[in-house]
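Structure first, commentary second.
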Amino acid sequence: MIHNETIRWPAPAKLNLFLYITGQREDGYHELQTLFQFIDLCDYLTITPNLSGKITLTPNIEGLALENNLIYKAAMILKTHTAANNGAHITLEKNLPMGGGLGGGSSDAATTLVALNHQWNINLTKDKLAEIGVLLGADVPVFIFGKAAIAEGIGEKLTPAYPAERSYLIAVPDCHISTAAVFQAKNLIRNTKKRTHLQLINQNWLNDCQPYVKKNYPKVAKVIEWLIEYAPTQLTGTGACVFSTFNSINEAEIVLHNTPDWLAALTAKGLNNSPLNELLATLK
């Protein structure tokens, strides 16, 4: 029996507060140590379950075939765990930039899995959902669990973490960076010494992708050079988005008001418990 109600689900963005590349495996995947924290900037998926057996999505992302959309792929994978006639109509409000390092596609996929698990009344555990999610992307599980975490391995080994919930200014450079291209780069840092969690939390945080991205993407370098005059600034993920850290949202807003015309930017609050988790808790 499905839950018939229409629900608007958040799919929050994330920041990588640090990202270290500690090696590369024989299969080409990179060994990482990174700290994920959510922010209060979200895509939204409004989902109405039905018994049509079909998944419909409005609007689909321009230039992307429906079968390649992570929302659609997540729903179709989950359908194999439920009655064949279960379907859903999904409406996407896309607020997160694509290819920005904020995890938008992975978060959308995770929200789809969590939402349909509830609305189709499948009741898989989060551990099982994460096993499904990692098939769609290495960082999908962190969005499913919805807790700030240190991720290791290729990103699938998660340990809960409790970084300060700071305020951020997030800048969106006018360029797209391919994650695959960054990780395939010959001069990418790949030999950072692996650290204990205590060492990771108690040191200055860096992103090993940043030197390569700054050198090869002048628009990102320009943003970092401008923002670092105001506050500690670094790349999130492989970019292109850049974030600066502030003690209060008011401090971040002051810098936002000084943002030059050539730069899109916004402010956000760090969250150790995701908005998706908070909504799910009210539905049980």
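Backbone N, Cα and C atoms are what each Cβ position is placed from, and that goes for glycine too.
Swiss-Prot lists Lys14 (among others) with the feature active site. Sequence-distant neighbours of Lys14 (active site): residues of the same chain at least 6 apart with a C-beta under 8 Å from its C-beta are Phe36, Gln37, Phe38, Ile39, Leu102, Gly103, Ser107, Asp139, Val142, Phe143, Thr236.
When secondary structure is read from DSSP and collapsed to three states, Gly101 (ATP binding site) falls in the coil class. Here Swiss-Prot flags Pro97, Met98, Gly99, Gly100, Gly101, Leu102, Gly103, Gly104, Gly105, Ser106, Ser107 as ATP binding site.
Feature annotation from Swiss-Prot assigns active site to Asp139 (among others); the stated evidence is sequence analysis. The Cβ neighbour count for Asp139 (active site), using a 10 Å radius over every protein chain in view, is 26. In the three-state DSSP classification, Asp139 (active site) falls within coil.
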To test your reading of the ATP site: which residues beyond Pro97, Met98, Gly99, Gly100, Gly101, Leu102, Gly103, Gly104, Gly105, Ser106, Ser107, same chain only, put their Cβ within 8 Å of the Cβ centroid of those residues?
-> Ala13, Leu96, Gly237
